[in-house]
Each structure stands twice: as structure tokens, then as C-alpha cells.
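Visitor: Here it is: the structure, laid out below.
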Amino acid sequence: MSLRRRTLLKVIVLGDTGVGKTSLMNQYVHKKFSQQYKATIGADFVTKELQIDDRLVTLQIWDTAGQERFQSLGVAFYRGADCCVLAYDVNVMKSFDTLDNWHEEFLKQANPPDPRSFPFILLGNKIDIDGGNSRVVSEKKAKDWCASKGNIPYFETSAKEDFNVDAAFLCIAKAALANEHEQDIYFQGIPEAAVPENEQRSGCAC
């Protein structure tokens, strides 16, 4: 198989169990949403190809389990990340309160060369629930938190309604590209067990 040159961008999605990390990824990559909740065990990833300006990039999005007992997996999966996405449920204050922990955990485990400039993106998910009447974390509170972390970009999303998902991941991809690690990707070198089923690629710029 011939070698294909492209830019591989590794993105890690972190947040408490049940905030919708997997649903956001599936909506972005597969345009599918399931009402059935299935906890992620360990870690999994999906990929999507997209074009940013004149660059063809492969976005590799890692979904790590929110359960504390799986946080020991961090070092292996966080290292080499180009961007970290922090997600919470706007209807669950605890999921917002733990963002500091996730932020610190990532920086500790990933150990980026310059922690102050490493790109983070914050997603406030499930804004569709109860027409927004059940939310407990205000947009202002979330933006204030982002400002305290160096003006992290913030998006309010709904995986179910596909609201703001593409816009959020385009921002994520651009942030990751700015922090890229250029790699030669040999597809035959990826273990079969690590390749997600029904991998979907798109050549369009989202």
C-alpha cells in the first residue's frame, strides 16, 4: 500500500460520564444520535477527513471514559494530543464543577511543552433539554470560566438536535491544526482492532 501524506490531528474529549461526549462525536462524524445511553469503557476514537483552507487533515477524536477508575489510562491517550475538548452538561452543575479537575488532569498527563498556550475548547452540551428551562449553568458562568483559563473558545451544543456541532468541531480542528504534529500515516500500520467500524470520511470543509 502506498504512503499517503496528510496532517493527523489528535483531539481528546474529556468530561464527566453522561455529558454527551460520544453523542457529540457520533453526530459530527456519522450524523447519528441515539437516545440509548451506553457508557464508554476505557477509550475509543472516530476519525473524519476534512479540508481546512488548502490543507487535508485527518481528525482523530478520542473519547475517554469519564469514570475515575479509567483515568489511569490518561498518559497513553493524552500524549501527542493537538487539542483538548472539555465537555459538560448545562443541566448538571457537578459536570461543570469538575472542569477544573479535567483541565488540570490533562495538563498533568499530557505534559505539553507550553501548557499556557495549549489549545482547549469548552462545549456546554444538552441545551435542548426541556427547552433550556432546566439548565443550571448560565452562559455567562461558562464564559467567565473560559476567561479564567486564557479565553478558551466556548460553544453551546446539542448533539440530539445537531446544534452548533459542526461549528464547534471546525473550531476544534483549526485549533488543533495550529498545534499540529505532522505525521506520515501508514494505514496498514494501524492495528485492525484500533480502527473504528464504519469509519466515515468527508472531503468538504465544514
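Each residue, glycine too, has its Cβ placed from N, Cα and C.
If you look up Swiss-Prot, you'll see 15-22, 63-67, 125-128 marked as GTP binding site. Taken from Swiss-Prot, the feature S-geranylgeranyl cysteine applies to Cys204, Cys206, supported by similarity to another entry. What Swiss-Prot lists as cysteine methyl ester is Cys206.
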Visitor: Tell me the Cβ neighbour count for Lys21 (GTP binding site), meaning other Cβ atoms within 10 Å of its Cβ, over all protein chains shown.
Guide: 27
Visitor: With every protein chain in view, what's the tally of Cβ atoms within 10 Å of the Cβ of Ile127 (GTP binding site), excluding that atom itself?
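Guide: Step by step: centre on the Cβ of Ile127 (GTP binding site), count other Cβ atoms within 10 Å, giving 19.
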Visitor: Over all shown protein chains, what is the count of other CB atoms within 10 A of the CB belonging to Gly18 (GTP binding site)?
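Guide: Total other Cβ atoms inside 10 Å, all chains included: 15.
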Visitor: With every protein chain in view, what's the tally of Cβ atoms within 10 Å of the Cβ of Thr64 (GTP binding site), excluding that atom itself?
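Guide: Counting Cβ neighbours of Thr64 (GTP binding site) within 10 Å gives 23.
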